[in-house]
Every structure is written in C-alpha cells, then in structure tokens.
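Colleague: Let me begin by handing over the structure; questions about it come next.
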Amino acid sequence: MQPCDQNWTHITEFVMVGFAEVHETRCLFFTLFLTMYLLTLVENLAIILVVGLDHRLRRPMYVFLTHLSCLEIWYTSVTVPKMLAGFIAGDGGKNISYVGCLSQLFIFTFLGATECFLLAAMAYDRYVAICMPLRYGALVSWGSCIRLSAACWLVGFLTPILPIYLMSRLTFCGPNVIDHFFCDASPLLALSCSDVTLKETADFLVSLAVLLTSSTVIAVSYGNIVWTLLRIRSAAERRKAFSTCAAHLTVVSLFYGTLFFMYVRTKVAPSINFNKVVSVFYSIVTPMLNPLIYSLRNKEVKGALSRAFSSRSWKGQ
C-alpha cells in the first residue's frame, strides 16, 4: 500500500514496466515471445480443427480438449499482444487505462479459473472411462458433457466478480507504474493507497476455493484411477489405460504447480522479477506446451494429426 498525501488525484491510466531490465535485448525477447505466441495459436487451432474434422475424435474427452484449446488461445491473447507492444512501441505501448487494466485482470482471472474447472472435468471424464467403462455412455453423454462444459465457463466467469469489485473500490493516487507485463492483482495492490486487507483476504479465499475445489476433484479422480489400475493384472492393460490420462496428468502438474505458488498467498509478493518469470511460464509457456503434450502423449490425437497432414499432402500432389 502506498502512502497518500492530501493533494492526491485519482489515477486514470497505468504504465506497465514489463521487462525493462532487458531493454538492450528487447528485440530478442520480442522475437522469442512473438514466436511462442504464434506457436500457441497454430498448435491450439490445429487441435480444434483436427477434433472437429476427424469423426474418430468426436467423443466427450475431445470436446473438453477443444474447449481447453479455445481457452488457451484467449488466455494468451489477453496479455501477450500488449506485452509485445511494450517491447517495440515505446512508452505509448506500455500505457493502459484504468478500465482497461481492470478488464484485463477480470478476463485473465475468468479464463484461469475456467481452465481449473475444465481440467477437473477432464479428470472426471478419465475416471469414469477407466473405473466405470460400462457406465461411461450414460454418465458422460453428449448432453452431460455440454452441461459440464457450460458449468465450467459459467463458474469461471463468476469467479472474478467479487475480487474485481473490491479492486475497483480501492484508491490509486500514485505512482501509476505497474512492475509487471500485465495487470495482475499483486502489483496493483502494491500501488493502492487504500487499506488492501479485505481485498487480499478475498483474493486468497477465492483463489483457494477455486484451486482446492478443482484440485480435489482431480486428486480423487486420479486416486480412484490408480486404485483401479493396481487391480488390473495385465501390465499391458495397465499401460494402455494409463496412457489415456498421461497427457492430462502432465498438463495438470504444470498448470497447478505454478498457480499454487503464485496465487495462494495473502501478501504482495516480495520478488517481482521472479513472479514475472513464473507468470511467463503459466501464461505463455504452458499454453504453448499443452497442445504438444496432448499430441505427443495421445495416440489418437497423434493419429488424427498424421491423417490430416497425409490427406492434405495427397490432395496437394
């Protein structure tokens, strides 16, 4: 919290520092992040197209995967274009309005929470498929899949309403420099000259509720999966069953590991530069890696990609 003198004026615009410490190599970092952003778009669009065009993948598991790929595209697009503008557009590219800053934080939190719930829904899908295969069609029908996906998006949308409302009630009277590459809650709270105790508490409780709810579903689902796999006598059958959820488990480990570190805290982070590195990992690196993980660790997706490219090559000849 910043001290506020009697001549304060309400801030209407923020300046995002971004990666000012790499000013001399900004072209290199701009190229690196642009490449990662374009790869994220191409990879996730490829997943969406392959699932949509290949009738073999028209199953609930891949419907959830399509939702996840759509979310990853929006998730990176909320922060990366503005960050890239800060590298090449001078001081003007680093400015963001007060309303724009809160809007960016709302959308980013909404998409992050939705991803938590989608990953939990995908874990439940794998649990039913492995532990109750005979009831899979009844428990994870197309109707239930659509309702579950819609619920993930709805609850994700409701998640940031209270935190953003409380943020909008805070007073920002200067300075207006955000030491981050997007409008995250922690660096914004450091600029407020109001008492941020209630806001910090609300952020902690909301983050904890989202992470604990979704991670509990994932943990219980995989606990039952492991128990079921241990009772399968054939090693080949165990490997085959586990291979269907290996990609999802890898994605969950990457995503939740960084989120638990970043957001289940009650105080403003002391190491801003380290937080930037972690933020880059879960907001840029992870969305780029997820499609690769699903395509490399999932034989059905790998096969669908091979068929799509081979068919395209054959038509081009």
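The backbone N, Cα and C atoms fix where each Cβ goes, glycine too.
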Colleague: Looking at the ranges 60-76, 128-144, which is given as transmembrane segment in TrEMBL?
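Modeller: Residues 60-76 are the ones TrEMBL records as transmembrane segment.
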Colleague: With a Cβ cut-off under 8 Å, give me the same-chain residues at least six positions beyond the ends of the transmembrane segment (276-296) that come close to it.
Modeller: 19, 33, 36-37, 39-40, 43-44, 46-47, 65, 68-69, 72-73, 75-76, 79-80, 108, 180-182, 184, 247, 250-251, 254-255, 258-259, 261-262, 302, 305
Colleague: Out of 28-53, 60-76, 145-166, 204-230, 242-264, which stretch has the largest tally of CB pairs under 8 angstroms to the transmembrane segment (96-124)?
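Modeller: Highest pair count goes to 145-166.
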